[in-house]
């Protein structure tokens, strides 16, 4: 089997596992843990926020480690950090250790996905990169389908949330072994690692990781197109993270128990999986900007539907719309980063865009405070609907900004080459 396929399989497996065991299933296990340990909704939301905070703040680490040690060691390290976090969660007697555990989970997530995976897809698959990135994100989303169902099955059969975390720790250790055996950076025809980011063919440093199209990491981070994309991704992550943390408890206000909420979480993830799989192919043929706008509009409609829901069927509809919109918009945002700035610096840009999503930590805590104050999550869902609608309008001018940025960067690149 070609090495590229092994890289794809292991990278997708890593994204699948890290998604299944953290963001998408944490909302379900928190419902069980909060009842068992007597935590408030605000406290439960704080643990979710720490997961997001650690994930965001540690986002520069993958780019740094991939440059210094390679993608394989980076992902193995992420698996081990993740396993440590799961083990701490299994042993937790209260909030303090669990906060530490979710912090480790967030750091492990960053080291495993998405920056390493997007970089591998972009550099191993060439012109097929958008489609392979779609497959990669689809694998991650499918983890969200399985995660809540797996948690529910383990807790139902064993009656123990601690056993759930112990099993997740074992799976993370298996993933570390798979990454060690299967992940490799792309090699050139001589069998040596191809130059990436800050290395030229003779291993001399190049200025600020210059891409072949003239973009450097520093210049790209200052461009209007990157800023718009990073802020859009931050807003989407805030909404999506918050939704995962509150959906089970929101539905518990008009249903009995947590079963309906678990079904809604899996529905959310399944629709996101399908959306990312389809969007990867569409992004190869059509303007990804319009795909992102459509995704944002669907997400706004989903928040409005969930805010108004009084029966499970409407919540399920809202979950479907949220997943479809999230999948299309998030995949499109990553595709636009690749198209605007090139494959050489895509790992750095995805890492920095992910760091911008650190703002998502305010979502679960704010939602918990609103629910404790008003007795309902409906106000925060309504606010999210309005926010996403406004962002959809703002992104209508994204391509124009990108063209202007590219023209300016090309002129600067030509001037620099002429001067040298």
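Placed from the backbone N, Cα and C atoms, the Cβ positions cover glycine too.
The shown structure was predicted, so the numbers you read here are calculated from the model rather than taken from an experiment.
Annotated features, as they stand in TrEMBL:
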type	residues	note
DOMAIN	7-403	domain 'Major facilitator superfamily (MFS) profile'
TRANSMEM	44-65	transmembrane segment
TRANSMEM	72-91	transmembrane segment
TRANSMEM	97-121	transmembrane segment
TRANSMEM	133-157	transmembrane segment
TRANSMEM	163-183	transmembrane segment
REGION	188-210	region 'Disordered'
COMPBIAS	189-203	compositional bias 'Polar residues'
TRANSMEM	225-247	transmembrane segment
TRANSMEM	259-278	transmembrane segment
TRANSMEM	290-309	transmembrane segment
TRANSMEM	315-337	transmembrane segment
TRANSMEM	349-371	transmembrane segment
TRANSMEM	377-398	transmembrane segment
Inset, instruction - Mind checking which residues of the chain, 6+ beyond the ends of the transmembrane segment (315-337), have their Cβ under 8 Å from one of its Cβ atoms? - result: 114, 118, 130, 133-134, 137-138, 141, 225-226, 229, 232-233, 236, 240, 243, 247, 250-251, 260, 263-265, 267-276, 278-280, 283, 288-289, 291-292, 294-303, 305-306, 309, 346, 349-350, 353, 398, 402
Inset, instruction - Mind checking which residues of the chain, 6+ beyond the ends of the transmembrane segment (97-121), have their Cβ under 8 Å from one of its Cβ atoms? - result: 7-8, 11-12, 14-15, 18-19, 21-23, 26, 33, 46-48, 50-56, 58-59, 61-63, 65-66, 71, 74-75, 77-86, 88-89, 91, 129, 132-133, 136-137, 140, 172, 175, 183, 185-186, 196, 334, 338, 346-347, 350-351, 354
Legend entry - Proximity verdict for the transmembrane segment (377-398) and the transmembrane segment (163-183), three or more C-beta pairs under 8 Å: no
Legend entry - Intrachain neighbours beyond the transmembrane segment (225-247), with Cβ under 8 angstroms and 6 or more residues off its ends: 23-24, 26-27, 30, 44-45, 48, 52, 261, 264-265, 268, 292, 296, 299, 303, 306, 315, 319, 322, 326, 329-330, 333, 336-337, 340-341, 349, 352-354, 356-364, 366-368, 371, 377, 380, 384, 387-388, 391, 394-395, 398, 401-402, 405
Legend entry - Average pLDDT across the domain 'Major facilitator superfamily (MFS) profile' (7-403), rounded to a whole number: 89
